[in-house]
Each structure stands twice: as structure tokens, then as C-alpha cells.
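What Swiss-Prot records for this protein:
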MOD_RES   603  phosphothreonine
MOD_RES   605  phosphoserine
MOD_RES   630  phosphoserine
REGION    627-638  region 'Essential for interaction with EXOC1'
TOPO_DOM  1-40  topological domain 'Cytoplasmic'
TOPO_DOM  563-638  topological domain 'Cytoplasmic'
TRANSMEM  41-61  transmembrane segment
TRANSMEM  69-88  transmembrane segment
TRANSMEM  112-132  transmembrane segment
TRANSMEM  220-238  transmembrane segment
TRANSMEM  247-264  transmembrane segment
TRANSMEM  300-317  transmembrane segment
TRANSMEM  329-350  transmembrane segment
TRANSMEM  383-402  transmembrane segment
TRANSMEM  431-449  transmembrane segment
TRANSMEM  465-485  transmembrane segment
TRANSMEM  506-525  transmembrane segment
TRANSMEM  544-562  transmembrane segment
């Protein structure tokens, strides 16, 4: 009996990941656990938001859309859409202390939004770890005196290969001389010229097939690196946020050390200033183009990780009164500042490369895998001690990818554990994590085949594109207009001690949904069939891409119909009201925080536990404070 009455039961210790010597009294929620401290949450969220796209997509978008002029619409979209949506998702998860499924006790009919988030996180988690595994492969390949993509004398090279370092008198540790005019002219005019880095990527690493349907063989080196990547992710999450919260002290901060080292090295190179000017020189006429604003809005939306479910999940492990408003501003600004900073790192090196080749910067600028695994590695071969710079660059990519991957996996695991919710699965959370990791590894195997890059880009372009916009829009509408904006504002005031600022109230109700709708319309208008270099995807593969996108969105109406059919009511309208109003257990997870309108009307029994208590037994009545200070109840959310 004494053990049962102690402050912490053994099952709680095992579930929340605390080691025996770690004082769990710091955790408010003994059932789920909390972050060790607030720095862990901030670093984890920074690692989640700051990913590969900050390095390989934003600098190219900025250069293509007017240079420094692109910063204006970019930061406008950050202020009016990015930060408000970030704050909404953090406050949503923190208030309920639930993952992306459990939070929809707020309006059970919209629980399909949570399932849609899970589907999106599954897709992203599968292909994102394949990108990390390729970075691992390049990292291991850089542990040589001479980078394997430096010269054209390898078995996989073709007669079209041309390298500025093919001269045998040039060693890897010497400063490359200026290019002769005839070589520069040849590089400009020879259409067949391929670089050693491009052939290494296409003919050796990928052994790229000629069609998306021709899978060929599984590339065993990539498969091994994929296994390494998933093992690392699993080990870092073996105790949930208790273990990942310690890892992020390194994974979320060291990339900035590497960026700074690469920046200092880059700006000291000849031609770096030219590259930076290409990146920053404003073309103010571009601001009048709708495409620039659309790209800015899309980049803000996708780079912050909105509607993936990760923000809700990470915030659910916060203590109830944590200032998530402050955190959302800090993390969002850090994410965008990192994107701008990475642009200096990328374009300083590309400017140096363009200067060496005697070509325009636009000829070497690229984005996506082409930048990370072809253009930038080729530029690194021009530097003295190039393997060192290559090791640093790919180690940075690995850490950036892992920071996002941690949250993607934890999103799925938390959703499963919260949904099942019994004591057995709480004690076996580590096995759930292992099961999800193994499933992710198996599903990623086709992406390591010779046609894998085609499928990876297909998933990247469709699985997490306009579906995220739809999910985010429905989330905004359901919280602000179905649950009720006044209800939600009062929830935040109860949690933080102050209501959301007026600016955020306006953004949540009007501005942000309008911007999200604009992004959706822009995505439809600007849609172009996916291509990879000169390869045109067959129409049937594009249809598969659309099916992947719809698979997450379709969860919303299907679950709404399911919930509507299983809800009691005398009339259709009555059933609709019952299906959309909050569940009885909606609200703060801990009894000590269920005050005022969330206070239980009956004394909870020991079997019910102390974490989650029911609301009023008849209906989830939420009192609203009128203008005269009196209290009134709002039953309907419609």
C-alpha cells in the first residue's frame, strides 16, 4: 500500500523516460512526462523548424524572386501568417497536453484533421530520412584524402566529364590556379559538359535508372546508411522527450557553428562578394508580381512545419503555464533568420565557384538535392583541404535533418500512445517507437533503389504540398468558428495569465485563414507537372502523387461522417451540434489546472486517475463573460 501511495509509480517512471536518478517531481504530468526544462523545448522546436529547406530552398527562392526585395514579402508573411499559426498550434497542444489526435476533443467531428497530420508526418518521415541517409553516405565518402567527385578519372565517369582539377599537377591541398580562357569558354559553350560531382551523384551514388517504373536494384550502400539513420533516430527517442531533449543541445546548436565556419571561409574567397550580391541585390519591380508573394507565403508556411502535427505534439509536453507565446515568436524568428544566414553561406561559395569557372552565378545556382549533392560539393573541391569542408557541410545537413526527423517520429508515437491511452501501452512506449522506426525503415527501402530519387521527389512535391494548406485552414476554422474564438481566447488567458494580443486575435480569425486560402489558390494556379532535370514524369505517376496528397485530406470528411453517424440526436442539426461540441474530457489534463469552467462537478475516483477529469456530465458548457461582466453559457459551436 505504501508503494501505491507514493508520489511516483514505477510505471510512470518507465513511461516518461526518467532514469532512476532523475527527479521526476519536476514533471507536472507524471503520466506523460514533461520537458526537462524550457530550453529543451525551444531547442527541439528550433531543430524541428530549421531543416534542410532553410539551406537548399530559401536561398534559391530569394535569388530567383528579386534578391533582397524578396525579404519584404517574406517577413510580411512571417508576421501575418507564420508566427500566428505557430502560436496557435503551440497553444493548442500545450493547453490540452495531448498529441495531434487527442487535442481534437475540442471538436470530435474534426478529429480527421489529426489523422491527416499523422498521414502527412508519415510521408515526410519516410522520404526525409532517405535524404538524411544520402547525407550520411556523402559524409562517409568524404573521409578520404581526395573527394571522390573531384576528378574525372573514376570508373563511372563518361567522356563528357570535365573538371577544372583534372590537371595532375594540381593537388588537393594546393590553391587552384585561375582558369585559362579556353577552359572557361569550353565550360560556357559545351552543352554536353557534366561535372564530376554530377556524375558521382547520378551514376555512382544513385545509379539512376531511366524511368520511375524501373526500380532496378536496391543500392546497398544507401540501404545501410538508411539503417544507420533510423537507428540514430530511434536511440535518440528511446525515452521520448526525456532523451531527445538532451540530444538537441548538440543537434540544434552545432549546425550554427558549422554555418558560421563555412560563412567565414566563404566570404574570404575570391568571387564571394559577387555571389552574395546576386543573393541580396533587390529587384523592387519583382514585388509587384503575385508569384513572389506566393513563394514567400509558401516558404513561410512550409518551413515552420505548420499542420505537420509536430508543433502540437512538442508543445503537449510543456508545463501548463509555460509562455508559449514568447516561444512561438523566438522560434519563428530564429527559423527565418537562419534561412537568411544560410543564404550568405551558400552564395558566397557559389560566387567563388562561378568566378573560378568564369560563368555567371545563375549558371551554378541550384536548389534541392541538386544544390546539396551536386553544386555545393563541386564548389568544395576547389577549396584547400576540401575533405574537411565536405565533412563539415554534410555533418551539418545530417544534424538539420535529424532535428526534424525526431519530431516527425515523436508525433506518430505520441498520437498512438495518447489514443490507446491504457497503462500497458504507456509502459511499452519504447516498443511503439521501435515499431514505428522499423516500419519507416521498411517503407523507405524502395527509395534507395535506382528509381528512388524519382519517388522521393514525387512524395516531396505532392504528399506534403497543398494538403498541408487545407489541413491548416480547416484547423483555423474549426477552432475559431466551431469551438468559438472567445472560448479559445479564454482558454489561453487561463493558461498564460493573459489573452492573446489583439493582433493575433485578428490574424487567427481573418488574416491568417485568408493568407492560407491565397496560398492554396496560388498553388493551383502555378501548378506545373513535376520534372527531374530533363525527365518528365508519366501522367499515371503524377496521379499517384495526387492520391498521396488526397490520402491525408480525405481523412477529414471521412472521420466527420463517421463521427456524425455515431452521435446521438433527435434531428440532423442536433446531431451536428453534438458531434462538434467539445468532449466531456476536453480541457487541461491535470486536475489542478481544471479550475473555473473546467472544474469537475463530482469528486473523481482513484480509478479515474488524477490527470484527466470529466467536465459537466450533461454537456460541455463553457461560460462566456459578457460585456457587463456577467457570465453566460455557450453550448453550440456553430
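Just so it is clear, glycine is given a Cβ too, placed from its N, Cα and C backbone atoms.
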Review point. Is the transmembrane segment (465-485) in contact with the transmembrane segment (220-238), using three or more Cβ pairs under 8 angstroms as the rule and ignoring pairs under 6 apart in sequence?
Key: no
Review point. Would the transmembrane segment (112-132) and the transmembrane segment (300-317) count as touching if the test is at least 3 Cβ pairs under 8 Å, pairs 6 or more apart?
Key: yes
**Study point:** Cβ contacts the transmembrane segment (69-88)/the transmembrane segment (383-402), at least three under 8 Å, sequence gap 6 or more
**Key:** no
Check your understanding: Which residues, given as numbers and ranges, are at least 6 beyond the ends of the transmembrane segment (383-402) yet have a Cβ under 8 Å from it?
Key -> 47, 50-52, 54-55, 128-129, 131-132, 135-136, 138-139, 142-147, 150, 172-175, 229, 232-233, 236, 250-252, 254-255, 258-259, 261-262, 265, 269, 372, 376-377
Revision key, fill the gap. Relative to the transmembrane segment (41-61), the stretch among 300-317, 329-350, 431-449, 465-485, 506-525 with the most Cβ pairs under 8 Å is 329-350
Practice item. For the transmembrane segment (431-449), could you work out the same-chain residues 6 or more beyond its ends whose Cβ comes under 8 Å from its Cβ atoms? Key: 122, 125-127, 129-130, 133, 209, 215-219, 222-223, 226-227, 230, 233-234, 237-238, 240, 409, 412-413, 416-417, 425, 455-456
Point to revise | Averaged pLDDT score, the region 'Essential for interaction with EXOC1' (627-638) | key: 35
